[in-house]
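According to TrEMBL, the domain 'STAS' annotation covers 513-721. The annotation transmembrane segment is assigned in TrEMBL to 68-84, 90-115, 169-193, 246-266, 278-296, 323-351, 363-382, 394-414, 458-489.
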Amino acid sequence: MELRNRDYHVERPLMNQQQLEELGHQTSATRTYQWRTWFQCSRARARALLFQYLPVLSWLPRYPLRDWLLGDLLAGLSVAIMQLPQGLAYALLAGLPPVFGLYSSFYPVFVYFLFGTSRHISVGTFAVMSVMVGSVTESLAPDENFLQGVNATVDEVARDHFRVQLASTLSVLVGLFQVGLGLVRFGFVVTYLSEPLVRGYTTAASVQVFVSQLKYVFGLQLSSRSGPLSLIYTVLEVCSLLPQSVVGTVVTALVSGVVLVLLKLLSDKLHRYLPMPIPGELLTLIGATGISYGVGLKSKFGVDVVGDIPAGLVPPAAPNPQLFASLVGYAFTIAVVGFAIAISLGKIFALRHGYRVDSNQELVALGLSNLIGGIFQCFPVSCSMSRSLVQEGSGGNTQVAGAVSSLFILIIIVKLGELFRDLPKAVLAAAIIVNLKGMLKQFTDIPSLWKSNRMDLLIWLVTFVATILLNLDIGLAIAVVFSLLLVVFRTQLPHYSVLGQVPDTDIYQDVAEYSEAREVPGVKVFRSSATMYFANAELYSDALKKRCGVDVDHLISKKKKWLRKQEQKLKRMQKTLQKQTASSEGTSVSVQVNTIITDVESNNVDDSMARASAGNELEDTTASGQEDAKAANGSTLKALGLPQPHFHSLVLDLGALSFVDTVCIKSLKNIFRDFREIEVEVYMAACHAPVVSQLEAGHFFDASITKQHLFASVHDAVLFALQHPRSSPASPVLTTKL
């Protein structure tokens, strides 16, 4: 829209804060105590709480069958077809038997259907979560702990049983953390995970996933490693064992990967003409299983296969409390990462389709999914971006699609799971690696962030490097701490500017950026782009004194030094007068001391000594002489021969202040004191009402600093300073023509 140049004329009284409050009839806002409503009991409140914590009751009765049912059925089938191979593969990634990936694709999905608020995300197994679980299971239950016999073979049954116990207990702890955080309304915690941090973290996790699958691609037996630099050591071990690779396994992985890539490319090319994407993973798994069974890949070529997949569901089992202490740290990290991934995807789809996602309820829903899933021996889950996109793209409108997909997975668990016992693990590894394409493409963030925001690039790189080198849990902690420290660092180095008036306006801009902006003669206007608090208050004061072009501390030091000399001279005069009084007989002597600036500059103390007169006491005369000396014109900068500031007033634009603390209040008081010492009056402008209230609560205003020093705008303060330097008369009328 084109803006037309129009003149307008504003005439109003020049207003300081006190006048503004009187004119606007400011009243203190009534404080509402929300906690009081928590203990109120009524039928309406019980109904609201039920709908809040069980959202399915609010939308399912109003579900439009004709419009949405077909789309949700088709989307559920599409997601289930993807969920099957991903569940098997991601269980392998978590260091567990593949069937537990199917369990994790059923229970949590159905629980989220009841408690979730997002209509489009697909909850279930996810690569990043699986690799985090895998790092826990392999570190706490390494193969070396289950060696048996003379040949030192691994007891896989005992190992898998203990790892399942670890993963399910971990899932319960993750669920407890998420439910607890959700109930105390702690959903905002995800705001500390910025987008560059999450993208850098998931990219590093995808590299971890890729490296973890190399042993299945090459058919190698690697040592279990965890902790810092474990990824580097694993890569080095893979490189050293490459000559021992199983050729049949490598060929199986390569062929499966190529076929899967071709099917995905074909699906992308024909997606306009197909009601649902081509299920590349499922077709690859079915084909590989058939070939493996017919050819005998395990017996003839030594290709490792999935093995027996028990049919039916496992009974619930209580978590092992003895493992809580060793898992609690991992559980909190996984809980935060899983929620961050789910809520970020949920908000994307909510904005796209025009509905709201409750972050606190999402925490509760995801926590209950993990909590109940852990009881049924599932490992921690989150949501998958690829499946969520498929669910949305194939016509899904609600979590009915998720319920449909979980029912399909249930049928597979009960009846069809055992058909995949001859599926090669190399095929699952190939499917995992191919599906990492989306996350590995996030490396393109580096050039884009280099051009747009290098601070975000720094967060991305630090997160990536820390996660690669120090593992997923420590890497995330370092990334969060670094990003928060970077925020503090950026507030410590804001942009400080001296403002000038844009001609014929009441607008003030940085004179370094606006060539037409001119400083107002005699008035210095200073602004910071960040709030002032304990971490940058001293830097604010230093920048202010530097930008003003006057060495404030030097002038104050010189002035105090001169006053000390004057005091010493007065003491010497007092001693001299005492001697003269003692030598006089029967006569009381009164002395009046007059210090004249010409005498001080010439250091002629004798000429500046007052003469004696009768009728007054010596002590009163000396005291009055000291007061007169301090108040004399000789204490001014001009009289001292010190350089005077080229401005008589300083205006602090405090519009950027969002809060104040005690250090900020002390710094502002020191600014008033120091600049008044060099004969510059200080004013403040554009403070927000909450900041003014905090200044009052901090006892900032007193007899020397009142609300008459605080103005509604910078222009008010400048006009007042121009018309009344170093004084406080009645306010004039402010007239502005634009």
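Glycine residues also receive a Cβ, built from the backbone N, Cα and C atoms like all the rest.
Given the structure is predicted, the values throughout are model-derived calculations rather than measurements.
Counting Cβ pairs under 8 Å that are 6 or more residues apart, the transmembrane segment (169-193) and the transmembrane segment (323-351) reach 3 or more and are in contact. Counting same-chain residues at least six beyond the ends of the transmembrane segment (394-414), those with a Cβ under 8 angstroms from any Cβ of the stretch are 56, 59, 63, 67-80, 83-84, 87, 99, 102-103, 105-107, 109-110, 112-113, 116, 118-120, 122-123, 275-277, 311-313. Using the rule of three or more Cβ pairs under 8 Å, pairs at least 6 apart in sequence, the transmembrane segment (278-296) is in contact with the transmembrane segment (68-84).
Here the transmembrane segment (90-115) lies next to the transmembrane segment (363-382) in space: the count of CB pairs under 8 Å, restricted to residues six or more apart, reaches at least 3. Using a Cβ-Cβ cut-off under 8 Å and counting only residues 6 or more beyond its ends in the same chain, the transmembrane segment (68-84) has close neighbours at 102, 105, 122, 124-125, 275-277, 279, 281-282, 285, 386-387, 390-392, 394-398, 400-409, 412. When pLDDT is averaged over the domain 'STAS' (513-721), the result is 78.
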